[in-house]
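A.B. asks: What Swiss-Prot records for Gly62, Ala63, Gly64, Lys65, Thr66, Thr67, Cys207, Cys212 is ATP 1 binding site. Sequence annotations record features per position, and here Swiss-Prot assigns adenosine 5'-phosphosulfate binding site to Asp89, Asn90, Ile91, Arg92, Phe101, Arg106, Glu107, Glu108, Asn109, Ile132, Ser133, Lys171, Gly184, Phe185 based on similarity to another entry. The ATP 2 binding site annotation in Swiss-Prot covers Gln419, Leu420, Arg421, Asn422, Gly521, Arg522, Asp523, Pro524, Ala525, Ala563, and the record cites similarity to another entry as its basis. Positions annotated as N-acetylmethionine by Swiss-Prot, on the basis of similarity to another entry: Met1. Annotated N6-acetyllysine per Swiss-Prot: Lys12, in sequence order, evidence recorded as a large-scale study or a structure entry. Positions annotated as region 'Adenylyl-sulfate kinase' by Swiss-Prot, on the basis of similarity to another entry: 1-225. For 234-624, the entry in Swiss-Prot reads region 'Sulfate adenylyltransferase'.
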Amino acid sequence: MEIPGSLCKKVKLSNNAQNWGMQRATNVTYQAHHVSRNKRGQVVGTRGGFRGCTVWLTGLSGAGKTTVSMALEEYLVCHGIPCYTLDGDNIRQGLNKNLGFSPEDREENVRRIAEVAKLFADAGLVCITSFISPYTQDRNNARQIHEGASLPFFEVFVDAPLHVCEQRDVKGLYKKARAGEIKGFTGIDSEYEKPEAPELVLKTDSCDVNDCVQQVVELLQERDIVPVDASYEVKELYVPENKLHLAKTDAEALPALKINKVDMQWVQVLAEGWATPLNGFMREREYLQCLHFDCLLDGGVINLSVPIVLTATHEDKERLDGCTAFALVYEGRRVAILRNPEFFEHRKEERCARQWGTTCKNHPYIKMVLEQGDWLIGGDLQVLDRIYWNDGLDQYRLTPTELKQKFKDMNADAVFAFQLRNPVHNGHALLMQDTHKQLLERGYRRPVLLLHPLGGWTKDDDVPLMWRMKQHAAVLEEGILDPETTVVAIFPSPMMYAGPTEVQWHCRARMVAGANFYIVGRDPAGMPHPETGKDLYEPTHGAKVLTMAPGLITLEIVPFRVAAYNKKKKRMDYYDSEHHEDFEFISGTRMRKLAREGQKPPEGFMAPKAWTVLVEYYKSLEKA
């Protein structure tokens, strides 16, 4: 390639190189790639398919371009869509740092950005640009650069009135422009030419960031850039209101299969959308993907590590095989319809070995599996009515959709989830408080805690849900956790005690409900081996597995630091091995013993009112 002639001094570049005395290269030939876009699309991102395009955000300073672009980038990456944001301020610190704000420099600024965006799009990325780009001709040129390369280009006008932009004025630029300290400032003494026919207009003065992002995502879905299933919208399986009467009439006439309480809990999990994108109990293909890969693979890599299955006896199979649909009956009531059922063999030993890593018959959930029928039934589930347990706790059983709305109503910009099946002590609280503090330090303004106890089946020696909820309420009442930034809700899933395999399920379910961060601690979903008494799973593996698990890309894992009772400080504190003698590890066994005997724990271990609830629970056992 010919090197341009030397220049006597450094000059700013405009679109017309001749004006600056530059010699153009005349022996440049475009080199065609050996790799096609389709081939490149197969290896870029986690979903496959070429998605290269440019989303060109334009608008006044302060309109919200950077805010929307960064949020859109985060959303797409979290949903397996490769993308990158080119921000105006960032580009002017590097590639375009030799350009000013004259009309000529603005033109060259946009030209360079358009060329770079084209390369990103050609590489298979969704390239998001965030620039004022005030002139129609420059934006049209950017579009032509993409169209000349047969790449989609979407102009998005980020529209906010000038007075709103001035009120925001994060950088103080409007104030300086009004004072005459900045000349040629767009919107003040330099014109902004509004787009005449953009693909999308975002009214950022009336729509929040999430709404704006969803509008752009919908545009990309309409243009086949982003797959519809990439949005992970909650898939509820309740029959729509306008079809409910017909479905109930149908259910009464169908053959029936009786289900037990744990089955009913799984029906609730499916109905409320926790297992999105499942349409019902797993069919054989989904079951095999789950059992062997801990993921669903049709439509992208979606983490789903535990089989959600319905079992049947040989007699049930003989009676129902060949039916196009049958009703599920719980305690004499027809609660759902399973359509297009598929029967396949329930290989119990293989399932247990893969799901739990053991086939120990004394493991409480494995014991249930071994007692179940020899057949599994997959199918499309239609649930007739919302599921209530009438135990005084239904108000806490918020669905993923309801939780998302609640977080929105609270103006949460980050949601961190804490899953638990035990009472909360001050060590747990320390971790939650510290996570909240870290999120504030990272720039989040309104982090919200989802305190999300497991509400399905648990083994006999676990504290029952009703008592745990009383204990959690006492923790909030005493101010150990802030009620203003905490949502307490119940997760309806049964507990399987499957360690690192199950903790992926716990995590991804909270992801569906809108959590961005998930706190994981020592031995999550674990228990002592029923025969040896040792940990069934290595205590640190759950956290390690979560940080590596495929398909958990919309949230960040927050590993526990080990908390113990600091005898000197008389409070729960992060364990320091250099001062081991200052710390005491209070086991669950010792905690239960103290509560059972009505004794008080060490000062600062648990909120007093919360401890009183535990004492009352163990007293109730003695009376029983």
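Glycine residues also receive a Cβ, built from the backbone N, Cα and C atoms like all the rest.
Remember, predicted model here, so these are calculated numbers, not experimental data.
Can you walk me through where each of these features ends up in the structure?
C.D. replies: A C-beta separation below 8 Å, combined with a sequence spacing of at least six in one chain, links Thr66 (ATP 1 binding site) to Asp87, Gly88, Asp89, Ser130.
The Cβ of Gly184 (adenosine 5'-phosphosulfate binding site) lies under 8 Å from the Cβ of Phe101, Ser102, Ser190, each of which sits 6+ residues away along the same chain.
For Arg421 (ATP 2 binding site), other Cβ atoms within 10 Å of its Cβ number 20.
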A.B. asks: How many Å separate the Cα atoms of Lys65 (ATP 1 binding site) and Ile91 (adenosine 5'-phosphosulfate binding site)?
C.D. replies: 14
A.B. asks: State which of the following binding-site residues has the fewest other Cβ atoms within 10 Å around its Cβ: Thr67, Asn109, Ser133, Gln419.
C.D. replies: Thr67
A.B. asks: What does DSSP call Gln419 (ATP 2 binding site) in the simple three-state scheme?
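C.D. replies: DSSP call for Gln419 (ATP 2 binding site): strand.
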A.B. asks: By a simple count, how many Cβ atoms lie within 10 Å of the Cβ of Ala525 (ATP 2 binding site), its own Cβ left out?
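C.D. replies: There are 24 such Cβ atoms around Ala525 (ATP 2 binding site).
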A.B. asks: Taking every protein chain shown into account, which of the binding-site residues Gly64, Gly521 has the largest tally of Cβ atoms within 10 Å of its Cβ?
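C.D. replies: The most densely surrounded of these binding-site residues is Gly64.
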